[in-house]
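Q: Pasting a structure below so you can have a look.
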Amino acid sequence: MTMIFGIPLQAFLGQLLIGLINGSFYALLSLGLAVIFGLLRVINFAHGVQYMLGAFAAMLMLQYFGINYWFALILSPLVVGLFGAVIERFLLSRLYKLDHLYGLLFTFGLALTLEGTFRYLYGASGQPYAVPAQLAGGTNLGFMFLPIYRGWVVVVSLLACIGTWLLIEKTKLGSYLRAATENPVLVQAFGVNVPVLLTFTYALGAGLAAFAGVLAAPVYQVSPLMGSNIIIVVFAVVVVGGMGSIMGAILTGYMLGIAEGLTKVFYPEASNIVIFVIMAIVLLLRPAGLFGRDA
Amino acid sequence: MRKTLLASLALVLASSTAFAQNATGTASDNKIKIGILNDQSGVYADFGGKSSVEAAKMAIEEFGGKVLGMPIEIVDADHQNKPDIASNIARQWYDTEQVDAIMELTTSSVALAVQAVAKEKKKIDIVTGAATTDLTGKACSPYGFHWAYDTHALAVGTGGALVKQGGDSWFFLTADYAFGYSLEQQTGDFVKANGGTIAGSVRHPLSSTDFSSFLLQAQSSGAKVIGLANAGLDTSNAIKQAAEFGIVQGGQRLAALLFTLAEVHGLGLEAAQGLTLTEGYYWNRDDQSREFAKKFFERTNKMPNMIHTGTYSAVRQYLKAVEKAGTDETEAVAKAIHEMPVDDVFAQGGTVAKNGRMIHDMYLLQVKKPDESKEAWDYFDVLDTIPGKEAYMDPAKSGCDLVN
């Protein structure tokens, strides 16, 4: 049997694929964070909670209204995006003229409050959410047994990442967004409603997090803690990728997912710190991140 | 540069979500004060958590809120599964708040740390939430007790049942701390003593969300049984993801070595059906257990597992011991706890060994299929009763220096 670094090739390929699956969640989440930071200059600590809300929205929709996974995949991001828009409009937008730290503290407080509320209502263990029947089961790839749902996660999140990148880098709306960040006063003078653009951006970021949440619901328990479990890793991804760099966030998400997956084979005990070790090294050598421009 | 600075600040902030809940209550001497210290917000919050505080209150109410004419008070705090936080709270409780006994102590690393503090300060601690046998082994205390279950009982119960059914090669997924090691080692020893083999093991960090890498390693090991030497949400996630990766369909069996009613409820019968597990209490076992469970349900909206009921039993027995000793002085109360048999809804004919181990019967349970469950929370069939003497380690072999 072919061996790579002392483990069989088949096992190695399996782990690589699993890294890619986890990387998909990291990429989707860090993408939303990067969009919000890049355009609003807000360090959105509520991102993990928005992810959690996405999963809960899907579960509650199923429980109370019988709305299935496919509709939840669209509806839940809309609901959470709307919630994000309300938060941005009435609370967050008041903090833009202050130091970034205020935005961070506000979203952090919001995250703690919401997480605490859900923990009070639903307990910490979380609730199950079934894999949709169309995606149940798995297929044997020869080197590993791939649950179809996980394959779907990789494909869909890749599409969502590319779509968002195209929206911001290649469309007219995206160019307004980018211009509004560079010079809001000038863009406003051209007749573009900048505050609405910013609200839309925050809602987009929140919606992306919720989308990831719905994708994650069948894989993990829908639990109030799911957001805080992942948010710190996602921040590390954004830092490694370069704050504000959208493509950087996507690529780094996948890369770190794979790095983490491989650590689980070679030295499992270190699997929850490997991302932070990489972050420390990157910050030492390239303080602006792998894909960031020096500020 | 500023951006990265902010980002690192953000990370520091996030990693210290630390929010120790401060204990309330005032200091006084003519009071019996019991502290419930457990995980109320993390991976083991449903395992015991705030509901255990209710269980403790139920025991206190049975005494009319008073013993020997002294009022009984209760305080509780969230230790966040961190031994340093737990030790600080324990010190504060024992030193400045006149807490007489600390109970529950979920998470083995926490229980070991707090029992050391209690021993040093000559105070009572009764562990119901943690599993490691070290608590009544090399770390035993003359004032420390281990009440509900331990890794040995789980190994004998769940491990034994699976070996009997032909599960003779094992691969372990182990939580990377004291409890996981202890559970893996004792189950492994038990499997080997019965002619089985250990194909390998992998250690995962506490509260992992993704087990697929580890499961894949377990799958490729070809072992007949995958032993989950972890607990709480970790076990639930591992079971759920094992189903996804076709592990059970592939012919391998899962052994959730520490799994209780609370986790089965979270996981749902669909995913949990067929699992074999060991608990010291099951609410739907007889009339007495049902009666207690009903009262508990009215207060917490959930049925109790062995941790909740164990905490109730520990508080009740402690108060009875104070009554018998006629004082709340540590030596006298500890002596009374050692001498008195335990007879309540949790344990029938339980005895307390010299090393502090409360020896009582354990139950081997199997999770029902969804269509076999007649009512909400009706989750288990009782397969077997494991007599206390078999379930628990012989105190003479425990390595505790209090046993001659």
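The backbone N, Cα and C atoms fix where each Cβ goes, and this holds for glycine too.
Please treat TrEMBL annotations as automatic predictions, because they have not gone through curation.
Look at TrEMBL and you will find A:12-37, A:49-67, A:73-92, A:101-122, A:149-168, A:189-218, A:230-254, A:266-285 tagged as transmembrane segment.
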Q: Short question: most Cβ pairs under 8 Å with the transmembrane segment (A:49-67), which of A:12-37, A:73-92, A:101-122, A:149-168, A:230-254?
A: A:73-92
Q: Would you kindly list the residues that approach the transmembrane segment (A:189-218) from elsewhere in its chain, counting only those six or more residues past its ends and only Cβ-Cβ distances under 8 Å?
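A: Apart from its flanks, the transmembrane segment (A:189-218) reaches 24-25, 28-29, 31-33, 35-36, 39-40, 42, 44, 46-48, 50-59, 69, 72-73, 76-85, 87-89, 92-93, 96, 129-132, 149, 153, 156-157, 160, 164, 176-177, 179-180, 226.
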Q: Where, among A:12-37, A:73-92, A:101-122, A:149-168, A:266-285, do we find the most CB pairs under 8 A to the transmembrane segment (A:230-254)?
A: A:12-37
Q: List, by number or range, the same-chain residues at least 6 past the transmembrane segment (A:266-285) whose CB is under 8 A from its CB atoms?
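A: 5, 233, 236-237, 239-240, 256, 259-260.
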Q: Where else in the chain does the transmembrane segment (A:73-92) make close Cβ contacts, counting only residues six or more beyond its ends and a cut-off under 8 Å?
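A: Residues 42, 46, 50, 53-54, 57-58, 61, 67, 103, 106-107, 110, 198-200, 202-211, 213-215 contact the transmembrane segment (A:73-92) from elsewhere in the chain.
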